[in-house]
């Protein structure tokens, strides 16, 4: 334990709201949850919890921007826990908690001037709230085992001397990139997957749930690039959708058809593919890819991309199938404005029509969830953070 005089000194330096010996501070630097916890334990005491005696001080520091607090999903107990060791109980203001799972931590923000708890991937970069207690001091030397995630057990295959692995833990594209670079080489670069043997090996670790790969639209050059910087060739079987800034690529498979590339909002939470190349090694210090027309340090996970187009298509030799050619976001937006608005239970709604080209062997009703996901990604680029819900009504066959 540090001398009390020293403890009082370090707390006084962080003091923003003084009323009792337990004080709170908002740190605006964006860090992952774990890095935020380490920062709080080094400079203060720990990430903030929601003790009733300190709620009024927390409230005065809160903003509409979500900030990390000490609450996280403990994978070892499959429940919520405070990083300080306190037992989690119901919230003072009676809010229904969002759904938490492995790899998710809690944020605190204001919504309509009321405090709200949010859930986000623990790897996301966010500001955070620390508390300072002079009777406890720094906790940097006290490192309890926090099971934010279960030990990753990826599906692994070897292709052309490279190791590919699929992780089911969900992250944003940027967070997955940083994870892959720190522990392996990078997000999956498929330039070496050129023959049927390689494709079949890759298929063995794929699923219908799309997972991030390293292909993205370089905002500086306007061309497709691999985040690994090992080249720019794209295998002929890898049919890439139309891309715009703010969209990244994910790989999935439907039934027995060829692997399909999806364009997805880069801030979405998806599983991901990493690869390891022994001749390259880790790339933890590599420069971040230019997803937007900003410097790498300005690229955040909260950036709202510009309107664009999302298209998904796949193919393999003569077995090519163009699927889910999603409509352009700007077209959808302008067309929806021409539709007659109506009110139902106080909520406005509009009717959108999207054209898709699929094989006659595929049932559109079975694929409606995939279609809706792609339309949703396009609308997110147009509507930003506005809340909306999509409902599948029907489909019709274009006989032209």
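Just so you know, glycine gets a Cβ as well, placed from its N, Cα and C.
What Swiss-Prot lists as disulfide bond is 40-130, 105-122, 180-274, 248-266. The annotation domain 'C-type lectin 1' is assigned in Swiss-Prot to 26-131 on the grounds of sequence analysis. Feature annotation from Swiss-Prot assigns domain 'C-type lectin 2' to 159-275. Swiss-Prot lists 287-346 with the feature region 'Disordered'. What Swiss-Prot lists as signal peptide is 1-20.
When DSSP labels each residue, the domain 'C-type lectin 2' (159-275) comes out as 19 helix, 41 strand, 57 coil, counted as helix, strand and coil in that order. Here the CA atom of residue 180 (disulfide bond) lies 15 Å from the CA atom of residue 122 (disulfide bond). Put simply, residue 274 (disulfide bond) is 15 Å from residue 248 (disulfide bond) when counted between their Cα atoms.
Annotated pair residue 40 (disulfide bond) and residue 105 (disulfide bond), C-alpha to C-alpha distance, rounded: 16 Å. Mean per-residue pLDDT, taken over the domain 'C-type lectin 2' (159-275), amounts to 88. Rounded to the nearest whole angstrom, the C-alpha distance between residue 266 (disulfide bond) and residue 130 (disulfide bond) is 29.
Residue pair residue 130 (disulfide bond) / residue 105 (disulfide bond) shows a Cα separation of 15 Å. Secondary structure at residue 105 (disulfide bond), taken from DSSP and collapsed to helix, strand or coil, is strand.
Looking at 266, 274, the disulfide-bonded residues in this record, the fewest other C-beta atoms within 10 angstroms of the C-beta turn up around 266. Taking the Cα atom of each, residue 180 (disulfide bond) and residue 105 (disulfide bond) are about 20 angstrom apart. Comparing local CB density within 10 A for the disulfide-bonded residues 40, 122, the maximum falls on 40. Ranking the disulfide-bonded residues 105, 130, 180 by how many other Cβ atoms lie within 10 angstroms of each Cβ puts 130 at the bottom.
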